[in-house]
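Novice: Here it is, the structure in full.
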């Protein structure tokens with residue numbers, strides 16, 4: 001059995017991850033961790049996820065459960081994830097990282113850690129989204145510079161980063177396929193007298209509203225026709241199942257920084 005720990009276990013995504021782990025053959029939740037100031041520390045992780053008692057108590061410190069897991073799943077905040085990364089690197093623990101909002105410099109720290117431990121880092125662990133990335137690469141290469149490209153994403157009102165990590169990853173895939181640098185061609189929102197559109201740019205539009213789990217559309221617009229590639233998530237479980245799938249896939253892998261394209265063999 002693959003022994004899995006979940007960081008941020010008392011949060012919405014954490015509870016969903018607990019459920020996904022418990023539903024997956026070959027996986028078992030052996031540790032659950034949350035903030036030191038959480039009033040839920042000491043509670044049974046299964047009860048937090050409405051699964052009933054499973055005998056795993058919520059801890060407030062990763063170090064306290066260091067001997068109880070093989071791989072840590074972390075969907076938290078960059079500052080938290082980087083601390084956990086240092087811990088896992090020191091103790092030889094594999095990591096699944098679904099945290100978004102990393103800077104370029106912080107992503108480099110993930111790459112450095114990948115020299116010592118196996119890591120799967122992805123902006124989105126949904127199988128559908130990762131298949132969409134493959135389709136976006138194909139579409140961009142075929143349509144080339146003959147289209148305007150816009151990326152529209154929507155998430156719930158509590159999401160703190162914008163654009164979403166998934167939208168940015170979609171932009172990177174499209175830009176790379178076209179030989180462009182996303183940092184140079186990205187346009188984040190438009191207002192006022194913007195002038196005619198530069199076809200080399202890739203636009204981003206963000207919606208934050210209600211309880212939207214995650215919608216992403218990439219629009220390729222030409223004269224007389226347009227192509228839209230859309231993914232809509234209706235449940236966090238799709239991300240959680242992908243993360244657990246990645247945790248099982250990592251078993252026995254050499255140290256490296258992998259992503260879901262590797263897990264799904266889409267390269």
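Heads up, the Cβ atoms here are built off N, Cα and C, so glycines get one too.
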Novice: Given that Swiss-Prot lists 8, 9, 10, 11, 12, 13, 98, 99, 100, 122, 123, 124, 125 as binding NAD(+), which residue among 34, 116, 137, 145 does it place in the same site?
Specialist: 34
Novice: Out of 35, 155, 156, 159, 165, 166, give those recorded positions positioned within 10 angstroms of residue 124 (NAD(+) binding site), comparing C-alpha atoms, in sequence order.
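Specialist: The recorded positions close to residue 124 (NAD(+) binding site) (Cα within 10 Å), listed in sequence order, are 165, 166.
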Novice: Ranking the recorded positions 12, 155, 159 by other Cβ atoms within 10 Å, which is at the bottom?
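Specialist: The recorded positions 12, 155, 159 were compared, and 12 has the fewest Cβ atoms within 10 Å.
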Novice: In whole Å, note down how far the CA of residue 166 ((S)-2,3,4,5-tetrahydrodipicolinate binding site) lies from the CA of residue 122 (NAD(+) binding site).
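Specialist: Per the Cα atoms, residue 122 (NAD(+) binding site) and residue 166 ((S)-2,3,4,5-tetrahydrodipicolinate binding site) stand 8 Å apart.
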Novice: What same-chain residues, at least 6 away in sequence, bring their CB to under 8 Å of the CB of residue 35 (NADP(+) binding site)?
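Specialist: Within the chain, residue 35 (NADP(+) binding site) has Cβ neighbours under 8 Å at 10, 60.
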Novice: To the nearest whole angstrom, what is the C-alpha distance linking residue 155 (active site, proton donor/acceptor) and residue 166 ((S)-2,3,4,5-tetrahydrodipicolinate binding site)?
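Specialist: Checking the Cα atoms of residue 155 (active site, proton donor/acceptor) and residue 166 ((S)-2,3,4,5-tetrahydrodipicolinate binding site) gives a distance of 11 Å.
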Novice: Counting Cβ atoms within 10 Å of each candidate's own Cβ, which of the binding-site residues 10, 122 comes out highest?
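Specialist: Within the set of binding-site residues, the most crowded position is 122.
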